[in-house]
Amino acid sequence: MASEMIVESGSSIIDFGMELVADHTSVVSLNLFVALLCGCIVVGHLLEENRWINESITALVIGLCTGIIILLTTRGKSSHLFLFNEELFFIYLLPPIIFNAGFQVKKKQFFRNIMTIVLFGAFGTLISFCIISLGALHFFQKMNIGSLDLGDYLAIGAIFSATDSVCTLQVLNQDETPLLYSLVFGEGVVNDATSVVLFNAIQNFDLSHMNSSIILQFIGNFLYLFIASTVLGILVGLLSAYIIKKLYFGRHSTDREVALMILMAYFSYMLAELFYLSAILTVFFCGIVMSHYTWHNVTESSRVTTKHAFATLSFVAEIFIFLYVGMDALDIEKWRFVSHSPGKSIGVSSILLGLVLVGRAAFVFPLSSLSNLTKKSSHEKLNLEQQVTIWWAGLMRGAVSMALAYNQFTRSGHTHLPGNAIMITSTITVVLSSTVFFGMMTKPLIGILLPQPKYTMSMLSSEPSSPKSFTVPLLTNDDPNSHSQSQSHSHSPLGLFLRIPAHTVHHYWRRFDDAFMRPVFGGRGFVPFVPGSPTEDPNQQWQTEGPLEAAVDDNKTILIQTRW
């Protein structure tokens, strides 16, 4: 009896010791990974002005070098510090990236071009999905790469339809090229959401027996996910605005309102996951609504805090993803299954890259021409240089493609089927080659296609990145007769533009917003001033019916403040 107790206590001590060793190993891995993240940020800062390298490529290269070192130190057993889990990506890393995209978006430009964005991001993605799926089905069956069914081929189409335009967005300036930036940015977000919704719809249906009923159910499910996810994001954003407006958290503690904004943003994402909706779409539109209503209901210090907090979380998450992708690219287990047929793996990667190029071109140029037919002004139309830039911006594949590929072709980070192993290694190859090659060529290409403009329209927007109103010295004449001159200016095209709103959807939305939404949910200039409340003195706000609010100060300088 005593001996049994000694044995049991000895085994428990051994188990406890093993747990301590495992815990210490995890701590060491996390320390190294955090140090690598810091290194990526420092190196990215040093290479800020580099013509060829951006932070995404920097993180990939550092990840590759780290993977090589780990391979050598572990004698070929592993290349990364911990196993990738798609839940880590979708639950913790993706939400801050997508939310910040919606929170920082130039809303006026985004919704002014919403039809073109949806045309590219939704219908264009569907075209690319069809081309990649059909191409993969045609070529891969002849190559006999493994036992892939129809669902796998459709999943391949969804996986490689997901773009990563972060490299192009780092080069484009939304003040110098507002139309192009808005299209590339908006299409990227809608594209990711469409790809993930397609992927989820594919996994929810048994596609082994395809018929008209299954196709109709598939389309209906896709539309339901799209619409329901958008509505959920809007509702959560409005709820956060209403709570903060009514309770005035800032009177007692700015920490509470900042915490509530962050938690409500994450809550929208998790709600979508709970109801099996597209969390990407939900958190994106939640970010847009919160930046339009909630952000203006908090104190000035909380505005600065939340703006930088969301941007920082997004930045760190992006670096984390690219760093891990670089390390995981050298995972010896995945490459062991394709080592006996490297030519087949290279062929699959080349075909996928070719299908990405063709699928992208198949909708960018035709849909751009279709979009131009609806534009009256020449400066609103997309010329060939801008079309090439949009096409190029969507050639890179990134973290979303990697996460979807892991979800489809691996189980808990491992794969033991040759066909699945080939698809994983091919995805890694396409992501690395497209990000490094296309990413390095982005700056020079955009410099050639889009020379610096002589002037910009950056002063005609107001978003969370610029919460204060600003001055534009359009009139600086100190002559006593300047008042009569300003009246003559009001009859000029610029004066008419400043005074008379265009009768567009945006104009009618503004009137509805001012009459019904802002009085309930707050926003710029629509929250009553209360001592200690998170609002500014309403006397500092200008309320007019037009899209631009103007007043002339003593120095005859036009103060322009815009509202979405």
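Every residue gets a Cβ built from N, Cα and C, even glycine.
As annotated by TrEMBL, domain 'Cation/H+ exchanger transmembrane' applies to 34-445. TrEMBL lists 469-490 with the feature region 'Disordered'. Per TrEMBL, the feature transmembrane segment maps to 27-47, 59-76, 88-105, 117-141, 153-172, 179-202, 222-244, 265-290, 310-330, 351-370, 390-409, 421-441.
Within the chain carrying the transmembrane segment (222-244), a Cβ under 8 angstroms from the stretch's Cβ atoms is held by residues 122, 193-194, 197-198, 200-201, 257, 260-261, 264-265, 267-268, 271-272, 275, 277-290, 293-294, 297-298, 520-523, 534, all 6 or more beyond its ends.
Residues of the same chain lying 6 or more positions beyond the ends of the transmembrane segment (179-202) and with a Cβ under 8 Å from any Cβ of it are 98, 101-102, 105-106, 109-110, 112-114, 116-118, 120-122, 124-126, 129, 151, 154-155, 157-159, 161-166, 168-169, 172-173, 218, 221-222, 225-226, 229, 276, 278, 280-281, 284, 379-380, 382, 386, 389-390, 393-394, 400, 404, 407-408, 450. Contacts between the transmembrane segment (27-47) and the transmembrane segment (88-105): absent, as fewer than 3 C-beta pairs lie under 8 angstroms at sequence separation of six or more.
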